[in-house]
């Protein structure tokens, strides 16, 4: 797939921005403006859910029963990373210099324009040598999310906990594994004997970073790394006119000699303050609504190009995860068809990872496309970039991948028209529902239905991706295409034993011991 088309030539875009410094507010947001809804992937989960106006009534019969759940979730709200903490420390020094320069000038009226918080400002994270950890707000996001999942799928989680029945998996990055723990505490609260909350212990499995091609496929994909390295300078150039426009506006407004780097750091500070500290009257107040919309678009542009539909390798490399999801559903169907007793087969596979995991997986499901994009992407044609404000767009980081964002794939078993299943159409009795951030979504690959027959789901949504091979796509050395490893490929040994007794056979390489 070739790179996305450039929306406007650089000079034309710059001219339009200069000629129209104030953009009309988006028609889709008649309610009071809240900057916390426009922080792209730094948006809090509850804020994002409240912002999502898409309503989809699930077409699920009362006779249908959920038999398996797949979850792919991003970690919850986290502290800024070590690299970003250093950036904020540099910003504090820079703001002090700008204020001092203004004080040395002869224009006393200009001093009154300087926001009071900026004088002597220091980063809230000053002195921190580590960062990126899950914060208490992130813990609450996952804990509360788990309680809603448990309530929504009561029949699925009514069984006594066993790690092979309710599999919880995370990457080795602490904020992801901590998110898995917070979710597990909510899911299993009241089911044990530990503490006042009657909690219980549970297991969280993790694969080595070096071999985790299921949840950290981007780490092992040389093709993707090369693409990202090559494309990042282009993205910076596409963002440059916006940053220059906003910088010019801030210089004029506050009479301080801001640079585009200053504005970029101030926008980052705004996102951290609004998301983590609920502070919107400091850095965020520097920008008007139109500037916030433009800066949000630059973040969404970056996510689209470097993680989303901007290039097909971004999501094709997520094929091992898609295979893992489908495999788990096929195993659940076998267990149902063979009448395996409860406690002998998996009912939920719950995964916790990163935006770099969730966004490609969302793209594999063909969510958040514009207009005719589905037809284009089926032909592997380049997609246009997300429309600039004030135009509306589907691709918004605040909706696609906020903190704790998630995709759930619920597998339902439904009776036939006569209330009975027949041997020849057994698999047609199973349906897949995709929920993004807990809201059912229609699937373009399944005639825009929100409940897709499992066989149709495999044929129209999964099968087109299967012509690709992870090792070939990612130029993974030393591994033959047919030997593609599967992260978390250790099977449930009691489950395999039961299947083998039923006559099913598995390749030896599919079974791997977890250490």
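Backbone N, Cα and C define each Cβ position, glycine as well.
The signal peptide annotation in TrEMBL covers 1-28.
Sequence annotations record features per position, and here TrEMBL assigns disulfide bond to 64-414 (among others).
Residue density at residue 270 (disulfide bond): 24 other Cβ atoms are found within 10 A of its Cβ, drawing on all protein chains shown. As annotated by TrEMBL, disulfide bond applies to 270-284 (among others).
Annotation source TrEMBL lists disulfide bond at 446-452 (among others). Note: residue 452 (disulfide bond) has non-local neighbours 431, 432, 433, 434, 443, 446, 461, i.e. same-chain residues 6+ apart with C-beta under 8 A of its own C-beta.
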Measuring Cα to Cα, how many Å separate residue 64 (disulfide bond) from residue 284 (disulfide bond)?
48
Going along the chain, which residues six or more apart from residue 284 (disulfide bond) have their CB under 8 A from its CB?
35, 270, 273, 274, 292
